[in-house]
Amino acid sequence: MNGQPTVGERLVIGNPGEDIFAFAAELYPICRSITGHGVRKTLRAIRSHVDLEVHEVPTGTEVFDWVVPREWNVRDAYIRDQRGREIVNLAGSNLHVMSYSVPVHRWISLAELKQHVYTLPDQPDLIPYRTSYYAENWAFCMPHRLLESLADERYEVLIDADLSDGSLSYGEYLHKGESEDEFLLSAHICHPSLANDNCSGVALLTHLAKRMAEVKTRYSYRFLFAPGTIGAITWLARNEESVKRIKHGLVVSMVGDGGGPTYKKSRRGDAKIDRILAHGLRHCGLKPTILDFSPYGYDERQYCSPGFNLPVGLFQRSQFGQIPEYHTSADNLEFIAPDHLALSYRLIAEAIDVVENDGIYRNVVARCEPQLGRRGLYGAIGGDKGTADANMAMLWVLNLSDGRHSLLDIAERADLPFSLVRRTAQILRDHGLLSVCDIGAEGAR
Amino acid sequence: MNGQPTVGERLVIGNPGEDIFAFAAELYPICRSITGHGVRKTLRAIRSHVDLEVHEVPTGTEVFDWVVPREWNVRDAYIRDQRGREIVNLAGSNLHVMSYSVPVHRWISLAELKQHVYTLPDQPDLIPYRTSYYAENWAFCMPHRLLESLADERYEVLIDADLSDGSLSYGEYLHKGESEDEFLLSAHICHPSLANDNCSGVALLTHLAKRMAEVKTRYSYRFLFAPGTIGAITWLARNEESVKRIKHGLVVSMVGDGGGPTYKKSRRGDAKIDRILAHGLRHCGLKPTILDFSPYGYDERQYCSPGFNLPVGLFQRSQFGQIPEYHTSADNLEFIAPDHLALSYRLIAEAIDVVENDGIYRNVVARCEPQLGRRGLYGAIGGDKGTADANMAMLWVLNLSDGRHSLLDIAERADLPFSLVRRTAQILRDHGLLSVCDIGAEGAR
Amino acid sequence: MNGQPTVGERLVIGNPGEDIFAFAAELYPICRSITGHGVRKTLRAIRSHVDLEVHEVPTGTEVFDWVVPREWNVRDAYIRDQRGREIVNLAGSNLHVMSYSVPVHRWISLAELKQHVYTLPDQPDLIPYRTSYYAENWAFCMPHRLLESLADERYEVLIDADLSDGSLSYGEYLHKGESEDEFLLSAHICHPSLANDNCSGVALLTHLAKRMAEVKTRYSYRFLFAPGTIGAITWLARNEESVKRIKHGLVVSMVGDGGGPTYKKSRRGDAKIDRILAHGLRHCGLKPTILDFSPYGYDERQYCSPGFNLPVGLFQRSQFGQIPEYHTSADNLEFIAPDHLALSYRLIAEAIDVVENDGIYRNVVARCEPQLGRRGLYGAIGGDKGTADANMAMLWVLNLSDGRHSLLDIAERADLPFSLVRRTAQILRDHGLLSVCDIGAEGAR
């Protein structure tokens, strides 16, 4: 920690937003589901950036209360009218087919068709995103206006899809640090063409893993790219013992829009990652939303199930389900932007910086203040109304560095950004005013 | 708990409001005080509904710092002018005579009369309610306008009353449950014609006792009908040891008006009854007032005295002393209504339901979520914005049922009605997803 | 405590404000700094009222991280223009010379002069207060308008001052009580002609010490009059062991203006002195500001350094740095007033009264309420809406006097002034309803 850039600083090079956006755009068109070629194609794309370990888990494998499902692949899908005109077509948008639809090829009446069509009457121009993983069914999704425009005639419906034994795919990348203690970073990869949910998260973590490969860290960082729910469950079932190493974790999704930022705490509520994100977001310049844990959301549901209760929170920009674009065709590449992705990335990098650099120090001159003026550390001219602010960080670090308070404790109590407190502690160490008690300790709180 | 109606549900049959109101109306005319025929008549009326055990404690009996007072009975009382016209008359309202007035029969001047008359100048048409239990005195109460209309002449005042040795009367009814642990329900019976304070409370508890006689319960329920203060003190003095069985308790008064609801916490502040009422009232649809304990009020003053410190709170609609009708002739049968009584009754029945049905369970599939879809417990179609709400109760019960959190803990944390959480737990038990840890346990909080 | 006036009451005789103001006015003209004749003259003035012990600590003495500086004395100082007209002069205001300026006597250009002049452009008519204790420099302070009016010519600047070995002076007065436990009262004496900061504090503590000399107390009271920062550090260095006796403490500064009152908590945050001041100020009738500890301020910075962490808070009227007069020539005798000083004095006397009289009692009649009416302690006529308020203090003391809650605990929970709770406890003791458990105990909180 002698003046060199910190881990968090080294993770941010150039404008990460452009790189993350470009990769999200590359992933966007792929037709993904919880299993099948789309997921594999996505994992291959990630592997072109990171040394990803891809796992295939056969259909039928029991994972806790669940069973790995059959593999779903769709080749073609359309609805045609009597004159053969295509109403919708898989090529137009992979949202048109309800994910995991069973194969079908028939002529049916408009009335019957309507029983197999999902629309959003209150958002009549958008295609909804629908899935039916665990109930055998088939359906199309389309704009409500389009459905209403259909004449009362017969239609040819085709879904050329396989539902057959295969395997579930997920990818892992472990960045080894000095310690075996792990920081888990997890993104779901099962949604088709939804840019924010979750091409944004997959691309952000891919960029982070790529950068991290060049940085020495204290913690080990485990990146998990898996289908939502069943993927996380499968991974937990196959790593039941080793997850005990996870000391901090974040589920990353919907990080490309301009909302939030939002952090949902882990089930524990007072895990260090909860304090780090709550503090970091409070000082990010935007109006953050800090939510208590609730059992609805993304894969934190599995990580925070009572049998695991891992210290894993959820990081997002807008809160899922709270925006009109959520799970619709409006969640496209125009809904996300490089600047938003860059800020999301920076906030996560700062959280990592706290994890890497928090520690407990002791003020060497514990009795009364040290004479900062003599060391040129303090405004030499007293009495000026301004000096107070300029020196608060230094005074706080000296006052609370009693071997019990960590830098994060101090940043919280002083209501100052962690980065300022960390830099201040560095200056004080360089002047011999702080001694190291315990790097990476939890502190009094 | 296999699908049958719960204790709380079985306590509510038809419209309890009508029955409670009818009995309150029957009690209203009786001229009560802390001792005497009025109290006995009231206890007899209750006994016609419940198998009440009536106790008589002789005048002069020492009860802690107090002594059971002489018995007061009034036969007639009036003020007449020189022409023999009656100004006020006991038959007109038993509020006209200050309770425990010593006998008097004299001709006095208006000036002297005024020294023995209470009015409410700011509510000139109402008769105030006054007592003088512990200072020998006599007085009349009347509307201020009436007093001001009196000519400056001499008046005949008569209070034909006895203050003589007798006994203090109170009644108890114990509903035996599986356990000897008791839930105390207490109402004061010393006020004369005041409908809300407390014919309403006496009638509500009588109805509750009547219903409860037909229900099997885990807890035993002790109903106490006693004069305020001295009655509660006398009962406590004679049951000093057995009150240790009281695990929950409510003082019930002023439950017939449309205000509140109001709950005043026990001195402990965090007793389970305090949590149950605070939670229940928050979800009753009205704007409840939850008050911290204070040593002024009804008989919770005695139950919560430091030597007992029982977990007994006060349930009311409007808060005592906070409404203009309080302790005036405006607290009459028009001030209370069946619907208000019915809601008050339901809220108490729900509190009993929590006491009877709270418990700690364990999620059998603790690692990751169980597959609710397969069991038809979960919206089979994912991705719909609505499903979140619909399934929250189930997800909360599964997530927090770790052998430490009780259903009440879960209801509080999830901010959902206890009844919904309880029903959800029942469904999950029926599907083998929850195992019983400890029924009636207090939980983590 | 048998009905005689309490310590706090005996400390307030006549109108203390006049006496304190008169002494502040006497101290105001003296040209003080952290060392030198001005400090000694100030200590002599205090000693004319109190049996003060004055200490002299030689230049060069090491005190923790600091060294006692050379002694600074200024005889004359001026700026003259080419025609010999004086622009500023020490006699005009001792703020004109930056404290600890090194000697100088030269002719310089306006441009060079400006590099040695401090002004307040946003308060152009005021002289700022500046010091340079630890950087060798010289400067003048003047109104901004005056500086702007200066012609572009050469000026004669003279600062006839010594910076030479000598000693640092501070004064102590110890009022011995029954116990060796101490209450520290500390005021800085280093500021020149600033009336509120801190002639007001010095004069208030002098008056308090004078009064206290005539009162028997349980605690011992140590009054410290020392230069800011270096004086407190020097005193702490020479009393490192004995400061362990300090159980409560207040730094007193800026107590003569009409703002606040303000209390800044000790570093501990929950020290008894913190609770006492927070409670007392909440009931003083003004809108107080209660601040959490922060390491910027007055000598609480030293007392609350991690190596000492003493229970010492800061009492002020307006908060330092928050008012335009702060550290300017507007902090003069017109800025402070006897009434403000009197209220500040009373609030400190009340805090001392809590320290002296807080204690834990036990309600002798713990089971149920005692019969207050029989003892004439309670409104004999029940049912009146008013009696509640009138009796709350008595009911609270009886209800919470369980051998665990102190009178301060009770005053806080009942939200009543400590003095009312104390007087009520006295009455109850006189009637044999309270027994003494532990005088001076901390209570449950």
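Sequential numbering from 1, following the chain as shown.
Note: Cβ is positioned from N, Cα and C throughout, glycine not excepted.
Remember, it's a predicted structure, so these values are computed and weren't measured experimentally.
Listed in TrEMBL:
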BINDING   C:H191, C:D197, C:H327  Zn(2+) binding site
DOMAIN    C:22-358  domain 'DUF4910'
DOMAIN    C:71-161  domain 'DUF2172'
DOMAIN    C:360-435  domain 'UCP01524 winged helix-turn-helix'
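In sequence order, the binding-site residues near chain A, meaning those of C:H191, C:D197, C:H327 whose CB lies under 8 Å from a CB of that chain, are C:H327.
When the binding-site residues C:H191, C:H327 are compared by the number of other CB atoms within 10 angstroms of each CB, C:H327 has the fewest. Following the DSSP three-state reduction, the secondary structure of C:H327 (Zn(2+) binding site) is coil.
For the domain 'UCP01524 winged helix-turn-helix' (C:360-435), DSSP puts the residue distribution at 38 helix, 12 strand, 26 coil. Residue counts of the domain 'DUF2172' (C:71-161) by helix, strand and coil are 11 helix, 36 strand, 44 coil (DSSP-based). Applying an 8 A CB threshold to same-chain residues 6+ apart, the list for C:D197 (Zn(2+) binding site) reads C:H191, C:S253, C:M254, C:F320, C:Y326, C:H327, C:D331. Under DSSP, C:H191 (Zn(2+) binding site) is assigned to coil, being neither helix nor strand in the three-state scheme.
This prediction places the mean pLDDT of the domain 'UCP01524 winged helix-turn-helix' (C:360-435) at 86.
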